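Encoded as structure tokens, the structure appears first; notes follow it.
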Amino acid sequence: MSSNSGIQIPSRLPLLLTHEGVLLPGSTMRISVETARNMHLVKNRLLKGTSLKSTIIGVIPNTRDPEHDTEDLPTLHSIGTAGLAVQVVGSNWPKPHYTLLITGLCRFRVAQLLKEGPFPVAEVEQLDKLEQYTSPEEMSEAAGPEGELGELSKRFYQAAVQLVGMLDMSVPVVAKLRRLLDSLPRETLPDVLASMIHTSNKEKLQVLDAVSLEERFKKTLPLLTRQIEGLKLLQKTRKLRPDDNKRVLAVRKGGVLPGHQFSLDEEGEDEDGDDTAVLERKVKGANMPQPALRVCLKELKRLKKMPQSMPEYALTRNYLDLMVELPWSKSTTDCLDIHAARVLLDSDHYAMEKLKRRVLEYLAVRQLKSTLKGPILCFVGPPGVGKTSVGRSIARTLGREFHRIALGGVCDQSDIRGHRRTYVGSMPGRIINGLKTVGVNNPVFLLDEVDKLGKSLQGDPASALLEVLDPEQNHSFTDHYLNVAFDLSQVLFIATANSTATIPPALLDRMEVLQVQGYTQEEKVEIAHRHLIPHQLEQHGLTPQQLQIPQDTTQDIISKYTREAGVRSLERKIGAICRAVAVKVAEGHTVTKSETRHPPSEGYGGGLILLTDEEPDGVSADMAAPPDMPIVIDHIALKDILGPHVFEMEVSERLTLPGVAVGLAWTPLGGEIMFVEASRMEGEGQLTLTGQLGDVMKESAHLAMSWLRSNAKTYQLTNMVGGSDPLEGTDIHLHFPAGAVTKDGPSAGVTMVTVLASLFSGRLVRSDVAMTGEITLRGLVLPVGGIKDKVLAAHRAGVKRVIIPKRNEKDLEEIPANVRVELDFVTASNLDEVLNAAFDGGFPGMSNPLTLPHIVSKL
């Protein structure tokens, strides 16, 4: 070679000190610039320079620990690499820094350091010549056939060919590297392959220091041989495990020459087959629709061209992984045995006949038509009646996967539709994520608390559910993250709600609403002994041989310690009893006769009855009770464990004065009885309403007052001074107790008329009567809703007669037979009939006061 014909680098070079690795001639490396010296070099040399020479810098490996780096210039390594800055990228996050893409040109030796600040500049001596290299044949002839350098060059070339041959030639970059081996001058091979194979920075530094070409071959050949042996060992291991995925050697971005960047790293192997080739096979084997398949293949093509260091690489990879995991064509086979389904539903839940019947209807239709779309059901009822558990039982009955989505408090439409992939941290919505979790496309989805959805600046999730719950649209549901249609028509959606009042009408119209009413006391007793008590015994480590709760005791718990439509409070009370008994069982018992009652002074469990078959004769006072002795809870033990009665039958006690009546109200928690009180005093004819009433209820009060004033002579109502106008010289105060609870609705109209009539006439309302109904100014009684919940509330409170509107008579068919037997139902079409039924002996002024209106007695 002639040094006179070679290309020379500048004799003075700015120096870039790096901790990140060793740049070798012919390789390309990204270097992060964060130190003050290097930042000054980039700003003053690379960014302001205009000529090609200004982009050539010297890269010196910094062997000092970066954690102990100081402002003083460290001792420079004597040999570095002159590099061409191909790209400069700046960023301010998390702190200002630059990223340089530098291609190594040749070695140089630092002859003299000219200056240290603001960045070091040195006079350098070029070691490698940048000129047209000789061909491999010419080099071999120059070195002689038996020359040591020629032999090293030949051995190194053969090892390089062997290494590349062990790789997967179907990978484009590997095939391209194989072709480059034949075209590259052999003088460049040690630097090129040393930068590609897995080596430490110390080993690369030894290659950099090898100025002599012969020494360079000697330093690099053992590294190449080590890499080959490692691959051979890996291949042997794979042969012993034939079921493992085929070895794929990752090719990461490095470099051979400018424009040809490669780097091999055996640690880049993916044992789980998590590479683009395996991913492509998974995409093609996912049986997804053609539109989705086209999108995946397009994204996969982009992924192959994308370096792994790009942030978008991870986003695209996550997207493809999700698309592969979705159950596009995976489904479970429904169990269509109606008899078995009926037995399973009856064993899981007591009562709830309407819900069970709807499930059996669906199974029957599925037997006749296999392509039936999944229904959209909405269970509406008070808390604790088993809406969620029924959904789980339906999934078990059908043999399907079950997934629950809690919608209470959700106020972002992205929770339903997902985020667009343009956002950082984007993810699919809960619907698609649930399908991924269950792994089939026909699960049972329970949308819990759909009536408690919120709304915010992030959108309205209730509106986003319109597409999900519409059978005409959900066959092509498009999640923002997927951006392709997914078929939800086979999913069985079940929504739960406490009330339909807060559900948007458009969403409610898409669902088949099934009312789940509260339980009667008899139903609660059955549920307690079939499900709640065995469950609580298991939860507390007790057995039926240790604890027994008779049905009479359960009845006392229901009537005196709970007043609810569901059974959650009942289960908590049973749990409290189990905990008290667990204390007794853990401490041990003493017994002196066949039936011993522990006095309340003994703490928990005073009043517990301990039963044993042992004869009392000859039994010592301190003899331990047999371990199989059951503890039976009676009313004394119940009071000792749960305390005084929480609810008492107070209806008759509060109706001891005129101006008090019992109304019936509906709440999302079930039906409740509601006392209405009225009093009068001298005044100017004002009507005062208290009890946190809504506008509709206030209007009902004025309606009641106006009707009574217009019919005062007919019913012989007088004011405090004996006048015919009840309001003349009189102020009326109408109060609804439980003032902290907001009350509204028209159904208290008949109750307010009855209260005011009792007040003005001085007569007592019957203590066993409760009523509900809307009134008009002409005295008509209009129908209201929630009849079943209200009747059950009256039954729980011990009421014997219930007054309802005549047009609500059809709703009595939903009342359980055992409740109808114990109640007298009075159906009234006008206020005359209401007053006649609310007072003993009828109401004065009526044509036939002793004749009751329509009474449906013990249906």
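Note that the numbers count up from 1, one per residue, in the order the chain is shown.
In case you wondered, yes, glycine gets a Cβ from its N, Cα and C as well.
Where the annotation comes from TrEMBL, it is an automatic prediction and has not been curated.
The active site annotation in TrEMBL covers S747, K790. The feature ATP binding site is assigned by TrEMBL to G381, P382, P383, G384, V385, G386, K387, T388. Annotation comment: TrEMBL describes 13-228 as domain 'Lon N-terminal'. Look at TrEMBL and you will find 655-841 tagged as domain 'Lon proteolytic'.
Other than the site residues G381, P382, P383, G384, V385, G386, K387, T388, same-chain residues with C-beta atoms no more than 8 angstroms from the centre of those residues' C-beta atoms, the ATP site, are F379, T496, N498, V516, A565, G566. It is 16 Å from the Cα atom of P383 (ATP binding site) to that of K790 (active site). Mean model confidence for the domain 'Lon proteolytic' (655-841) is a pLDDT of 88. Cα of G386 (ATP binding site) to Cα of K790 (active site): a distance of 19 Å. With all protein chains in the displayed structure included, the most crowded Cβ environment within 10 Å among the recorded positions T388, S747 is that of S747. Nearest neighbour of S747 (active site) by Cα distance, taken over the recorded positions G384, V385, T388, K790: K790.
Per-site Cβ counts within 10 Å over the binding-site residues P382, P383, G384 peak at P382. The Cβ of V385 (ATP binding site) lies under 8 Å from the Cβ of V516, Q517, G518, Y519, A565, G566, V567, each of which sits 6+ residues away along the same chain.
In this structure the C-alpha atoms belonging to K387 (ATP binding site) and K790 (active site) are separated by 20 Å.
Cα to Cα, K790 (active site) and G381 (ATP binding site) are separated by 13 Å.
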